[in-house]
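Enquirer: As listed in Swiss-Prot for this protein:
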type	residues	note
BINDING	3, 4, 5, 6, 7, 8, 9, 10, 11, 12, 13, 14	NAD(+) binding site
């Protein structure tokens with residue numbers, strides 16, 4: 001069995017690649033980093049280390065790599081593949097769509113058989129979005145065939161892979177915890193047998209649970225930690241105020257998730273505590289500025305902070321701690337981040353209210369606006385005291 005995986009970075013190798021290899025797939029990584037591609041082709045294996053006591057290691061073998069610039073070679077691999085996966089980042093999906101389309105076209109011309117393309121990205125509806133991009137490169141007749149033979153099942157993925165540097169360029173350290181949930185209703189043909197993958201009929205609750213817990217929590221810590229002059233996530237989690245605010249925000253999102261999807265509050269509470277424990281693991285330590293980057297995307301109306309805050313307000317629930325995190329994200333002043341620079345320029349030119357409305361989609365006069373304003377005042381007291 002062959003799996004073609006786009007993105008030979010730490011997530012690709014340390015998470016998706018490892019699970020695919022354990023499931024018996026030969027893996028062809030696709031990446032534009034020529035040095036990484038050469039290294040993988042030379043060694044045909046790499047090591048994965050767990051970020052826990054003793055740092056236990058496993059070896060992933062039977063791998064090769066294709067340079068993403070070589071569209072013909074990528075298309076040829078997809079034409080014979082049993083599965084295609086991605087872990088490239090939401091912004092890169094449009095750039096790999098052409099090669100995937102070429103592979104699908106070649107495949108359907110030679111022999112029509114089912115193929116599933118799973119985007120393992122930190123976004124809602126990643127595979128669906130990738131499908132839209134891919135279909136832009138397909139002729140109408142191939143689109144009609146693809147609708148029958150090619151599945152794009154959405155997925156929710158979760159595994160922290162910290163920033164790291166090793167003498168061995170291919171070695172990757174990952175946390176022991178992981179979650180990979182796939183929407184089985186969108187699969188074409190047989191469901192791939194991959195140990196560690198959870199297949200569900202309705203992915204929405206799992207995507208939102210992850211986004212509104214892991215990503216929300218990470219964002220709260222990063223934006224508040226930055227205001228207090230901290231450098232890493234685990235350092236920030238040694239500050240009681242940040243722990244309280246993070247737990248508070250996750251209680252707000254937890255109440256929302258229980259109301260929307262019927263998650264058992266006790267079971268969800270245990271999940272939250274597990275997530276909080278991940279943030280305090282020094283081996284998983286991440287740079288605050290990396291986690292906080294792209295604040296405009298993270299402040300958008302349906303993302304990790306504003307999304308749950310607006311929904312909490314609609315249900316008459318509390319969103320004070322989420323409001324505090326939104327205020328901190330607006331105050332994230334890191335000139336090297338283009339989105340941060342745009343927010344700060346907007347604050348100077350158009351003022352706080354207009355910037356809030358434009359960045360978040362929170363309507364003028366919405367009760368959440370007043371909460372964020374109040375929390376912004378509180379934030380000034382916080383940052384003035386460190």
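Cβ atoms here come from the backbone N, Cα and C positions, even for glycine.
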Enquirer: Can you tell which of 3, 11 has the least company, meaning the fewest other C-beta atoms within 10 angstroms of its C-beta, among these binding-site residues?
Expert: 11
Enquirer: What three-state class does DSSP give residue 9 (NAD(+) binding site)?
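Expert: Reduced to three states, the DSSP call for residue 9 (NAD(+) binding site) is coil.
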Enquirer: Among all chains shown, work out which of the binding-site residues 7, 9 has the most CB atoms within 10 A of its CB.
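Expert: The largest 10 Å Cβ neighbour count belongs to 7.
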Enquirer: In sequence order, which same-chain residues at least six apart have a C-beta under 8 angstroms from residue 5 (NAD(+) binding site)?
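Expert: Residue 5 (NAD(+) binding site) has long-range Cβ partners 12, 16, 17, 20, 27, 28, 29, 30, 84, 85, 86, 87.
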Enquirer: Any same-chain residues 6+ apart from residue 13 (NAD(+) binding site) with CB under 8 Å of its CB? Would you list them in sequence order, or say none?
Expert: 29, 46, 48, 60, 170, 172
